[in-house]
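K.L.:
Structure provided below as structure tokens; questions to follow.
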């Protein structure tokens, strides 16, 4: 275990009073870094300097840094912002997770389609730049077109969608630093013809990094939905995601528990592979509404691979509760 006094000294030398909330878990040092008053380049230099300083401390195996601008934290589960920062879009909904592999993109795509079935005009932005899944989930293998200098989102299943995966070869890796990925997200919003939407659902990458910070500060989402499995490992990071949105002033509308249970397609027996009810318990403890549980089923897996969302009826109830939370 790294020596805490050594860590504090290294942190003070690198960041002064801008660092707070230092925690160490299994050799990974985590902290919040205030970057108010700094431009993007200055903030990135400060973040890099802090990471280098902490990694030099014996026993440190990793560093997690949440960069935030100082502002009053928004209470979780509170009223959403009345309008969005994107012209023509009434509400911006961020779908996030603290950890990868919890089915966040599957939830985002199915939620967007379910909202569309409620009569809303819905767009879906795939901001998971490094692992874009929306083209597969919606069955959109083609390339996005440009008209009048604007990207044209592609239509499927009653909604429109845009993804970095619609602009490059399927087997091409995105190898960008955080600020570049955040810039790509902003371009897909600002340089696309989204038209008039009731809600634009933003499928964020997992974690609490540059893209999340840029999205919160520049787009000012109406609210956020956190996705987690019931497993303790995922819930730990979901709790961090809730804290991150509070730090940047984005109301958390609620939690979705994905892979909540497995129902055997042959005998109908239920198995709680990853546990059950963990997200609901987390929400109760954090004051965050529980939006619903989605089971792990063969039908949902097959539909996701085939680009045919809508196989899980649970999303209808989740969409209804999200609509209420967004005031739509």
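For all residues, glycine too, the Cβ spot is worked out from N, Cα and C.
Here's the feature list from TrEMBL:
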- 98, 99, 100, 101, 102, 103, 104, 105: ATP binding site (BINDING)
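For the listed features, I'd like the structural context: burial, neighbours, distances.
P.N.:
If you draw a 10 Å sphere around the CB of residue 104 (ATP binding site), it holds 26 other CB atoms from the protein chains shown.
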K.L.:
My understanding is the cutoff is Cβ-Cβ under 8 Å with a sequence separation of 6 or more in the same chain; which residues meet that for residue 100 (ATP binding site)?
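P.N.:
Residues satisfying the criterion: 131, 205, 206, 207.
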K.L.:
Using the Cβ center of 98, 99, 100, 101, 102, 103, 104, 105 as the ATP site position, which other residues in that chain lie within 8 Å, going by their Cβ?
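P.N.:
Sorted by sequence, the hits are 97, 206, 227, 228, 229, 234, 258.
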